[in-house]
Amino acid sequence: MNPHLITPLKHLRQLILGIPLDGQPESRANRLQTLRSFEPELEAFIEPVSPSSLPRLSTQIVINWAKSFFPFTNWLFKYRPEWIVGDLVAGLTVGMVVIPQGMAYAKLAELPVEFGLYGSFMAVSIYWLFATSKDITIGPVAVMSQLTGTIVSKAAVTLPEVPAHVVASSLAFVSGCILFALGFLRLGFVVDFIPAPAIAAFMTSSAINIIAGQIPTMLGISRRLDTRGPTYMVIIHTIQELPHASIEAIIGLTSLATLCGLKFILPRLSGRGAMRPKVMEVLVCLRSILVLLFYTLLAYLLTLQHPSSPPIAILGHISPGLTVIGPPQLDSKIISTFASSLPAVLIVLVIEHIAIAKSFARINHYTISPSQELIAIGISNIFGPFVGAYPVTGSFSRTALKSKAGVRTPLAGIITGSLVLLAIYALTGVFYYIPNAVISSVIIHAVTDLIVWPPTAYRTFWRVSITDGLLFLAGVCVAIFTNIEIGIYTTVLASLARLLFRFLPPPFLLRRHLQTSLTCAFQF
């Protein structure tokens, strides 16, 4: 370097680093004091605020804040007459689907089938008042019913004197209160921290668990099997009991084959011109209730010859009307039976509902408020137990059906609720002859939609990130070899751990290296 430039550069360095120009190094204390002198005071960032400059809490602000909790005020008073056709068709279609599914899921929850209808009626009758999604249908769902059944089975051991529906209703009420509080505090954004592989993992593993638990009933295996244990053990025990399958296996397998055939074969026939598209859509949408009615008639004819001892297992007597009306029973003993499972219940209620609502809002080009949706399902679960309902949340299959049927507003929920209420009071005599094997086949057919398919979806997780693939694989394996609750906790905790790892500060050695470098720079 040019020697004439060394002295000016040296003086410039001394001025910047606070070194005296006489060449003597400044003490460490003086350097720190010099650096502190450049730190701005806190008062420099704070501007004095007078009371008159603060925004005033006007009446309009309060009204708008209150209206945000009742989204129906944004569309009900602007309702157009041409919307009624879409809402009526969608409401009736979903109502005819939710009736067989509600009864089937109640069996999954270890409850009498009428309690599935109670939950279906009350949920859709309340949800529309607080909903921001026009498509989603709330009610009993497979995963939540499976969790409820596990909780009810455990409570039957510790509190045999407490009816199962009391425990389930208390679980719904407590869950609803917590969800309402989360929504009121506007904490709906927390769902965004749960990645798609975690959701896919617990949905897939739950579906596999449910299918494994329903196969013995569908095959008419009379021996009592523990279908609440680990999935792999349920599969092993079912295989061992296959020689004891009864004639009900014919009904169960043929009903399942009919459901699958109506779902997958009819659309192909329509594409070839063998059937009108509208007729095909009706048959596909109503396949569950059509199969249920056919096999109910068959069971009725078989039972006529042996009314005292039916040759196949049927549902039996169902009490008409709303038989359980009143506040849920809440005490420390009942709450203690499900306290340990409450986090898993909340995770399922929140994730399943918000994920479905966001998905269909994106498809149909509108937005939802996750926090308001928490309030909606919270209130639905708070008031549902007053008629005996157990925990409810959004249903993927019924939401897809409702969207495809051309729903225009959440008002379609009233139509669905009215149809379910009619079934509760007028059709319980028909439900008497429904075969248990057909109920199991309806459940198996319904939960197959929860399995992540086709296999290309699995490859997508691995291509996006190795951690996504490992997260999905770990969630499914843990749930299959333990239970659904542990699988849910595993996926959620692994997701949070991955999120925290991404925001961690640099490792210790890197921080030490940076500190050493800065110290050397100041000493230089």
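Cβ coordinates are placed from backbone N, Cα and C, and glycine is handled just like the others.
Automatic, uncurated: that is what TrEMBL annotation is.
According to TrEMBL, the protein has these features:
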DOMAIN    85-474  domain 'SLC26A/SulP transporter'
TRANSMEM  83-99  transmembrane segment
TRANSMEM  111-130  transmembrane segment
TRANSMEM  166-187  transmembrane segment
TRANSMEM  199-222  transmembrane segment
TRANSMEM  282-302  transmembrane segment
TRANSMEM  334-354  transmembrane segment
TRANSMEM  374-393  transmembrane segment
TRANSMEM  405-427  transmembrane segment
TRANSMEM  460-481  transmembrane segment
Range from 199-222, 334-354, 374-393, 405-427, 460-481 with the greatest count of C-beta pairs under 8 A to the transmembrane segment (111-130): 374-393
Long-range environment of the transmembrane segment (199-222) - Cβ separation under 8 angstroms, sequence gap at least 6: 108, 142-143, 146, 228, 231, 234-235, 238, 241-242, 244-249, 251-253, 256, 312-313, 348, 351-352, 355, 436-437, 439-441, 443-444, 447-448, 450-452, 457, 461, 471-476, 478-480, 483-484, 487-488, 491
Residue numbers, six or more beyond the limits of the transmembrane segment (460-481), whose CB comes under 8 Å of its CB atoms: 195-198, 200-202, 204-206, 208-209, 230-232, 452, 487-488, 490-491, 494-495, 498
Segment-segment contact (the transmembrane segment (83-99); the transmembrane segment (374-393)) at 3 or more Cβ pairs under 8 Å: no
Same-chain residue ranges lying at least 6 outside the transmembrane segment (334-354) that approach it to Cβ under 8 Å: 136, 138, 141, 143-144, 147-148, 150-151, 154-155, 158-159, 162, 166-167, 170-171, 174-175, 178-179, 182, 188, 191, 194, 199, 202-203, 370, 373-374, 377, 381, 391, 393-394, 396, 484-485, 488-489, 492
